[in-house]
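Marked as domain 'Glycosyl hydrolase family 13 catalytic' by TrEMBL: 163-537. The active site, nucleophile annotation in TrEMBL covers D310. What TrEMBL lists as active site, proton donor is E365.
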Amino acid sequence: RYSLFYNHLKNIEENEGGLDKFSKSYKTFGVNQFSDGGIYCKEWAPGADAVFLAGDFNDWNPLSHPYTKLEFGKWELFIPPEQDGSSPVPHGSKLKVVIRTQSGDLLYRISPWARYVVRDEDKVNYDWVHWNPPQSYIHKHPSPKRLKSLKIYESHVGIASPEGKVASYKNFTYNVLPRIKDLGYNCVQLMAIMEHAYYASFGYQVTSFFAASSRYGTPDDLKEMIDIAHSMGITVLLDVVHSHASKNCEDGLNNFDGTDSCFFHSGPKGTHQLWDSRLFDYANWEVLRFLLSNLRMWIEDYRFDGFRFDGVTSMLYHHHGIGTGFSGDYHEYFGLHVDEDALCYLMLANHMIKFLHPECITIAEDVSGMPALCRPVEEGGGGFDYRLAMAIPDKWIQIIKELKDEDWNMGNIVHTLTNRRYEEKYIAYAESHDQALVGDKTLAFRLMDAEMYTNMSVLSPLTGVIDRGIQLHKMIRLITHALGGESYLNFMGNEFGHPEWLDFPRIGNNESYHYARRQFNLTEDHLLRYRFLNAFDRDMNKFEERFGWLASPPGFVSEKHEANKVIAFERAGLIFIFNFHPYQSYVDYRVVICHSSLIVIFKYKILLDSDAAEYGGHQRLDHSTEYFSEEYPHNYRPNSLMVRYFFVLFSSELLK
């Protein structure tokens with residue numbers, strides 16, 4: 001694998017002038033304006049017989065502006081400036097690349113490199129609009145320094161409003177970013193930014209890879225949003241989709257040059273049978289140019305701080321993970337079923353990003369557990385910084401859905417939270433957007449279900465279902481946060497147990513926006529119990545910021561007691577104790593401490609208590625109580641302490 005990567009890198013250096021120049025092709029391909037007002041156009045259409053540019057500027061004459069054919073399937077066109085030095089293609093003009101196929105047909109296409117596409121309300125397809133404003137947005141704030149403890153708020157701009165409509169970049173900038181900051185998240189991961197014609201695809205059926213979605217606003221609105229996030233110290237990641245592309249032809253990449261290949265594999269190999277989308281040919285030189293340039297454009301033009309690569313499992317294997325389970329045995333990761341070209345592309349992408357922008361972060365969405373995916377490329381690894389711990393939300397769903405409370409297996413929970421490859425960083429999460437979508441259920445909805453509609457008011461009786469749901473919602477998120485990885489992720493709204501599911505407007509729901517929104521207003525109503533979950537999530541993040549357990553070595557688990565349903569572990573100098581027993585409380589319960597000193601005594605106090613009144617608990621603990629370490633062996637460790645608790649987290653400090 002490293003040999004294939006090295007050969008690609010060597011060829012780029014020898015034939016393309018280096019990786020810097022190769023990945024900067026977004027400045028020459030498509031339609032670009034020179035400083036003198038002239039327009040330079042360049043496309044890759046290897047299957048075309050001829051290529052033309054048409055649009056408002058030439059009254060849509062399809063043949064008046066032909067491209068000149070270059071080698072390797074490339075085409076170029078230069079349009080000189082007007083006599084007064086102005087551009088012959090004004091800002092806001094509509095354009096199309098006109099492809100004459102080998103059979104003589106004329107195809108009107110959007111350039112794969114288009115920066116801005118819009119759809120009129122009375123139309124089905126998108127139009128390509130030349131975006132070259134007299135004054136583009138100028139970034140004012142530097143990107144935040146690389147974070148040690150990454151706390152990610154997974155977000156979708158369009159649903160980020162209580163109103164039933166497509167929300168805007170402006171709304172997110174001025175209404176949602178302050179909320180994210182207040183909650184203690186230091187990173188926002190933006191979904192559905194790359195333009196996608198079908199809103200209900202959640203942004204995963206991309207049609208224009210270089211265009212920021214116009215349904216939320218202009219490119220400058222997005223740039224301002226990222227700039228304001230940076231001013232708050234928030235890192236911004238893009239959910240990038242390079243694993244597949246929409247099958248749309250008129251406003252997508254499919255059939256761009258009149259053939260079924262071009263950017264994709266030809267025939268059945270070029271179609272994902274479950275997603276009904278096209279699959280890139282990562283062995284093709286121009287596909288590598290396109291995808292690498294795409295990453296660089298998002299970093300340098302918009303100032304994104306990194307990427308979450310979607311669908312990595314599909315990329316890594318020729319079977320795309322369809323009908324395949326992964327046990328962790330190494331034969332599953334090495335063999336002819338692995339798509340080495342796709343893996344090499346990912347290595348090139350990570351190498352380029354780290355070479356040109358070493359502060360950027362990359363995340364892999366891989367369910368297979370490919371070894372070394374998050375090790376440096378120079379070690380033969382994939383080069384990612386983090387991978388998603390995708391087994392954790394599946395485990396919580398399985399437990400809540402299938403098991404009685406008294407049958408919860410503490411050892412199995414601990415194993416799932418700690419089962420990760422050595423020195424590969426994982427992003428832990430209890431739930432993401434996947435669990436919020438229609439057809440699935442969030443943790444809150446699984447725990448409380450229909451009673452969320454009737455009993456979330458503090459004026460109504462606290463039923464057993466609501467009480468159990470609120471307490472477990474907090475505990476599940478805290479133990480996942482503290483034990484499950486080196487970073488943490490939450491999907492917007494789930495921090496406060498957002499009711500119902502997420503469903504975009506479509507024919508099946510009469511194009512309704514009712515479920516395509518986030519009801520942040522629920523946390524602001526002091527008569528509703530959602531505020532308790534919101535406050536706990538905020539303080540959990542604030543304490544992590546203070547003590548940095550995500551950046552600390554993995555936790556030491558000192559107890560996973562099946563009969564008592566207790567899990568205890570230590571991380572970053574904190575003792576975490578969880579009582580998952582459905583009805584048993586404990587008095588004078590002994591737990592291990594990792595300090596081995598026999599000379600000093602350590603004093604502990606309660607730091608975060610999920611049973612506190614401000615978090616919707618029963619306030620059964622005295623927070624003024626102090627607990628002292630003892631030279632008393634317990635669970636094969638020399639020192640321990642005695643506590644009385646229900647669901648608590650302790651902090652340590654030295655008593656001299």
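Placement of Cβ uses the backbone N, Cα and C atoms for every residue, glycine included.
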Going along the chain, which residues six or more apart from the residue listed as 'active site, proton donor' have their CB under 8 A from its CB? R308, F309, D310, G311, V312, T313, R387, L388, M390
What is the Cβ neighbour count of D310 (active site, nucleophile) at a 10 Å cut-off, with all protein chains included? 21
So what pLDDT does the domain 'Glycosyl hydrolase family 13 catalytic' (163-537) average out to? 96
